[in-house]
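Presented below is the structure to which this report refers.
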Amino acid sequence: MSRGSEKPDESPKWMNLMSFRTLLVSSMLLRVFLIIYGEWQDAHMEVRYTDIDYTVFSDAASLMASGESPYKRTTYRYSPLLALLLVPNSIFHRSWGKFLFSASDLLVGLFIREILKLRKVSEKVCTVSVMVWLLNPFTFTIGTRGNCEPIVCAMILWIIISLMKGNLSQAAFWYGLVVHFRVYPIIYALPIILVLDSKLFRSGQKPPLEDWNTLTSSTEKKTFRLKSLFSRERIMFGLISGGVFLACNAISFYFYGHEFLHEALLYHLTRTDPRHNFSIYFYHIYLHYERQFSAVEKLISFLPQFTVQLALVFSFSKDLVFCMFLQTVAFVAFNKVITAQYFVWFYCLLPLILPWSRMKLKWEGLLCIILWIGAQTHWLLWGYMLEFKGVNVFLQLWMASLVFLAANTFVLVKIIQRHRFSPLFRQYVSSDRKNVEKLD
């Protein structure tokens, strides 16, 4: 979203606010309609609207409400907190969870606007960016079908807001909680720790933010140095977030023992899914699923993911939100298991980087969208042949996974090339350097 010819937003504040309220209300009504429609489709059509995972969540919540372990429900591999949140499914109505997830979805839209306004992005650009989330067909169906990912997205954005406002202890608390709730946000630990500069996060003060209108030299991202790694702020963030994570796990282990440990944590670290999915590793896993994978094989699949994560963190950590977006896309693209619901992990961060993108929708942006959706559709066609027609197209499906990885890589490179690097926090300038600049 190029800003070169952007004119000052001259619309009255009440009109801008009303515009956003209209967007929010219409988005809410759309989600309510889809939840009600989903109930009708489930009752009258062979293909159900509700996600199969929602049935798993609801069954686990029902078990918890009756005093049993939610892990007695086969394939429930989440935190007990999720089952606890859905206990009202058994008390009030089975759609309670869908309304909760959709409310979290709307909350993500509010948080996107809050983050952009904190960086002084214009009202018009804010609204357009929020629309990318709220009016995205994938995101408004994910919650209404009963997927819990909007809750995770809302917590991640709240962590960013807390950091921007200087509330380190609050950010640390929610970070520990979200990693317990869903393991993957652990990838954000290093970039968050690296931006916690003691010169920026002074006691009781809000750290200075880099505004949207501030021009930043493209060479600034290369000046990163590891200084004061063990600062007070970093240690405090690590202790609080680590303490919350361990406390949540300890309480869960106390109630549900090794079932919790295996299903909610260890399973996700060692998961190998033989069913076809977008990952390039699925075919190898399918062919050798009945035997135990060696340590070398596990390392080979983990090494590219780990290497890319480190490269992105040490290149872009100052531009925290952009770094988190890149990390998430790369993490999903190189993961051993990829399902469509994983895409929402980076969809919630996409609107936060659009104001700093120099990519034009016509034609470069359109090319990236068509390429990404086209590669996904190509994979889905082969998946349909395998799943519904019973045709042996495993090799073609694996090749489609390779094409999808190539499309993800191409789009990621284009996004990096067209991004205007802008540190989240205004960089500290020493008094000596200020004096030199004045003399110059």
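For all residues, glycine too, the Cβ spot is worked out from N, Cα and C.
TrEMBL has this to say about the protein:
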TRANSMEM  20-38  transmembrane segment
TRANSMEM  128-161  transmembrane segment
TRANSMEM  173-196  transmembrane segment
TRANSMEM  235-256  transmembrane segment
TRANSMEM  324-354  transmembrane segment
TRANSMEM  366-385  transmembrane segment
TRANSMEM  397-416  transmembrane segment
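Non-local neighbours of the transmembrane segment (173-196) in the same chain are 78-79, 81-82, 151-152, 155-156, 158-159, 162-163, 224, 226, 231, 233-234, 237-238, 240-245, 247-249, 252, 265, 268-269, 309, 313, 316-318, 320, 323-324, 327-328, 331, 345, 424-425; each lies 6+ residues outside the stretch with a CB under 8 Å from one of its CB atoms.
Most Cβ pairs within less than 8 Å of the transmembrane segment (128-161), among stretches 235-256, 324-354, 366-385, belong to 324-354.
Residues 69-71, 79-81, 168-169, 171-173, 175-177, 179-180, 189, 192-193, 196, 264-265 of the same chain lie 6 or more positions beyond the ends of the transmembrane segment (235-256) yet place their CB under 8 Å from a CB of it. Beyond the ends of the transmembrane segment (366-385), by six or more residues, the same chain brings 276, 278, 359, 391, 393, 396-397, 400-401, 403-404, 406-408, 410-411, 414-415 to within a C-beta distance below 8 angstroms of the stretch.
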